[in-house]
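According to TrEMBL:
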DISULFID  CYS2-CYS8  disulfide bond
DISULFID  CYS322-CYS351  disulfide bond
DISULFID  CYS401-CYS423  disulfide bond
TRANSMEM  558-579  transmembrane segment
DOMAIN    608-740  domain 'TIR'
Amino acid sequence: SCDTSQLCNCSSMGLDFVPLGLTAKITVLNLAHNRIKHIRSQDLQQAVNLRALLLQSNKISSIDEDSFQSLAKLELLDLSNNSLVHVSPVWFGHLFSLQHLHLQGNSYRDLGESSPFSSLKNLSSLYLGNPQFSVIRQRNFEGIELLHKLWIDGSNLSQYEQGSLKSIKKINHMIINLRSINVFSDIVRDIRHSVAWLEVRRIEFSITAEMQLLRVMSSSFAKKISFRQTLLTDATVPELVRILVDMPKLVELELVDCRLLGTGQWKMRIQAKQSQTLRVFTIENLSIEKFYLFTDLQAVEGLLSLFRRVTVRNTKVFLVPCRISQCLQSLEYLDLSANLMGDQSLEHSACQGGWPSLQTLNLSQNSLSDLEMTSESLSHLGNLIVLDISQNNFGEIPSNCTWPKTLKYLNLSSTQIPKLTKCIPQTLEVLDVSGNNLKEFVLQLPLLKELYLTKNQLKALPGATPIPNLVALSVRRNKLNSFSKEEFESFKRMELLDASDNNFICSCEFLSFVHHEARIAQVLVGWPDDYVCDSPLAVRGAQVGAVHLSLMECHRSLVVSLICVLVFLAILLLVAVGYKYHVVWYLRMTWAWLQAKRKPKRAPPKDVCYDAFVSYSENDSDWVENTMVRELEQACPPFRLCLHKRDFVPGKWIVDNIIDSIEQSCKTLFVLSEHFVQSEWCKYELDFSHFRLFDENNDAAILILLEPIQSKAIPKRFCKLRKIMNTKTYLEWPLEEEQQ
């Protein structure tokens, strides 16, 4: 399970214990998702160079105290999602290099009376807690002074001793999952000067009286506050906002997957001077049950003027009131993606005087459908540089549009545009029109530096003359089959060409260009760097100059056409031969014989109509009809014979007549002669009779040798006749009249 870098992956193997034979060479050991219940002292004793030990998602309930004693170089230990009921400081006593410790998802209720982490001087990230975790004691974090990330699952945390987290001098990012406002208030009091980014999950701000407990947050030095899966109401939002705007260093506020009960009827008014630092505001997946009744946010107009970056993604926004847009005087970045903005609502939202400082606007995944109207609505934004309107449904676009003169980046990918027109602004430096089924690109964009045409229907590279300053071009997943060195070199400033996932036809000229063009920084065609084409498959190792192309590779279209013609001629020849030699007839006869093989072995007695069926050549008909038949049918008692001339049913297929006549006869008389063995019909009659003779195990065949036949004269195809003559007694018609 170990690779060359001594990373041993033993995850999901159904192991019940740590495998034996671990050596000092191993640096990473992954034992996750097994059934290990106990870590013994000797299990890891030899793995002295281990850097990472992954034991998550097992059933570990006990660990010997000296199990990790030899792991002085261990940097990552993951014991999450097991069944540990306590955490022992002895486990970590010799882990001097440990930086990342994961203990969440176990069954312990507390961390003990003292600190389990006091010896971990290099600890950078700590994950702990579980649904049963209920108590944090004052000395639990002693010895830890700096953490990059602290994650505490305290959904049922009910007791927090004041000062427990105060010993940690600095926490860059703290994530805490809890429900109790009281506990949250006590924790904030201890970390208000140490946490840079505080992320709170699953808390409910629904009771106005409880919000007073959070006033301690107003003195926090946190620069970023995130609320995830948090419940807010119209009554608690004003109180929370007042607390946040008083925070002296707060720069960024984030609401993700939250729920608001209300319609924005907030009885408050925030002045801009109350928060001099808040600049970034993000809302993602905010659920507002009655979003269509939501008000125009007049209460927070004063606060909006400070924002420089605002993201409101996937929140059912269908309109930004003009007055709000005009308040966003400092806004430089606005992301309204995955909402319900339409052409008319965008025109109202981007009204005159709105978003005057805006440089980047993201309107992807909305309900825009008129590109001319979209461009006109945004044309007054004098500072707009980047515009993303991808994944809308524009369809046909007009010949001319009015855009902001400062626009340099435009994303029109996946917008159902069948053909590009002069509506595309001339000022662009970056254009993305991927995923639009375009068949050509003929626009003249003199300033364009980057062009993305991925997932279209192009069969040739765009011309270089209309886009002389192009530096990077992506034509992935199109229908290109080749391009020449001259075509590429016409792009004087090209540094990157990504043409992978196309239908390139290999040629030495093309390969030599791809591999050896010194001026090109990178050309991607989706082949290995040492791909050569002396066969249709990728052959590694040969020099490009020594490649010899096959006829198929050099003239693929011609060869395919020639093969098609030859196949057609071969089919035509087979049809002609089959017609001349009655192949279809023989196939039908073979099918009839196979059907006869599947019929019941014996016909019912009531279906037997003749004493014998006579098989003979037409050339012997004079003897058969005038001598043998006359004698037998006039005998006393007379025999009933079946003759093909007389008894075959008119209009019935010959093979069916033969099969039915043989089956309706007790015997089959074969009149053998030189003419008989030359007749195909006689051969088939013999075959069917032979079937009855051997398959039904009876004596139905009687042979009459009308004239002597040399064995050499019997064709090889009459192998059954040879077999019958060697196994059955046959009659010879004598030449002397008195013996006849």
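Every residue gets a Cβ built from N, Cα and C, even glycine.
Whatever TrEMBL says is automated annotation, not expert-curated.
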Note to self: Please give me the CB contact count at 10 A for CYS8 (disulfide bond), counting all chains in the structure.
What the structure shows: 21
Margin query: Using a Cβ cut-off under 8 Å and a sequence separation of 6 or more, which residues in the same chain sit near CYS322 (disulfide bond)?
Written below: HIS348, SER349, CYS351, GLY354
Margin query: What whole-number Å value do you get for the CA-CA distance of CYS2 (disulfide bond) and CYS423 (disulfide bond)?
Written below: 58
Checklist line | Euclidean distance between Cα atoms of CYS8 (disulfide bond) and CYS401 (disulfide bond), Å | finding: 60
Note to self: For the C-alpha pair, I'd like the distance in angstrom between CYS423 (disulfide bond) and CYS8 (disulfide bond), rounded off.
What the structure shows: 57
Checklist line | Arithmetic mean of per-residue pLDDT over the domain 'TIR' (608-740) | finding: 79
Check: Highest CB neighbour count within 10 A among the disulfide-bonded residues CYS2, CYS351, CYS423?
Finding: CYS423
Check: Tell me, how many other CB atoms lie within 10 A of the CB of CYS401 (disulfide bond), whichever protein chain they belong to?
Finding: 18
